[in-house]
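Participant: Mind having a look at this structure? Questions to follow.
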Amino acid sequence: MVEMVRVLVGEGAEVDAEDVEGRTALTVALAFGQEAAARALLEVGAGVNAGTGWRPLHAAAERGTVEMVRELAGKGAEVDAEDGEGRTALTVALAFGQEAAARALLEVGAGVNAGTGRRPLHAAAKKGMVEMVRELVGEGAEVDAEDGEGRTALTVALAFGQEAAARALLEAGAGVNAGTGQRPLHAAAMKGMEEMVRELAAKGAEVDAEDGEGRTALTVALAFGQEGAARALLEVGAGVNAGTGQRAVHAAAEKGLEEAVRLLAGKGAEVDAEDGEGRTALTVALAFAQEGAARALLEAGAGVNAGTGRRPVLAAAERGMVEMVRELVGKGAE
């Protein structure tokens, strides 16, 4: 194919013409790991910064072709140029787990804080690249910088279950309450990381902070069925009635977590509190056909006529829960 490249160019082919994705032939060659073809294109004058889409350097970074990364940089490739998602080649290399290519990019001057999209540190955190996390921080990466969703690298590490990377970030001074989007504690709760929940709380994480939906970490833990994390949050003082969005007891009811329902009620959860649709936890349990959770709520004193939205008996009827309908009517349901 190398000879064909030379023949085509000799016949007048535009070496930097773009495909429908804005990629030049050089970028395409690199994207498919065709180094010989890429070098042939460079020999005939292919531009190292050409293309309105994916750049050659990004393609080399994705494939982890270290020598090609160095060669492109040596020929003038803009090392901090961004792709359509605002990512630099360094971020791309890390996003694809190409540690050697990432180091090569750092050697040629790639910025550790460059890019208007996802930052290199977030990419390394997501992939659990502990040494790379430490190296980036050592090079000056802003440890609490946010991604497009308002998450710090610590939150991203936890959201993807990368505990070792999260600890490396904490060692580097990552803020336990940083980020305008999902908080680290919510991410740890979502993944059921009990020890991390305790550690974050011990380091000062606000246990009743709300996410963008008004949910506390306790509610999030229960919404994802993470009872262990929920218990850990209760141990560190999470409020059973906290949050302006979905309440903890509603989340437990929806997931059918009977023991969690009892535990929350025992700790003072308002069993007849309403959600944004005016439904009590009992109505929610029945709407999701969680009979065990519904009975646990009734045992805890849930009102059969409570709620300004859909009533419990209607929810039970809609789910075809005949015995529950009889039981509710027997308890005075209107």
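Cβ from N, Cα, C; glycine included.
Quick paste of what TrEMBL says about this protein:
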type	residues	note
REPEAT	21-53	repeat 'ANK'
REPEAT	52-84	repeat 'ANK'
REPEAT	85-117	repeat 'ANK'
REPEAT	116-148	repeat 'ANK'
REPEAT	149-181	repeat 'ANK'
REPEAT	180-212	repeat 'ANK'
REPEAT	213-245	repeat 'ANK'
REPEAT	244-276	repeat 'ANK'
REPEAT	277-309	repeat 'ANK'
REPEAT	308-334	repeat 'ANK'
Participant: Mind looking up the mean pLDDT for the repeat 'ANK' (180-212) in the predicted model?
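Facilitator: Its mean pLDDT is 97.
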Participant: Could you put numbers on the helix, strand and coil content of the repeat 'ANK' (149-181), residue by residue per DSSP?
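Facilitator: Output for the repeat 'ANK' (149-181) reads 16 helix, 0 strand, 17 coil.
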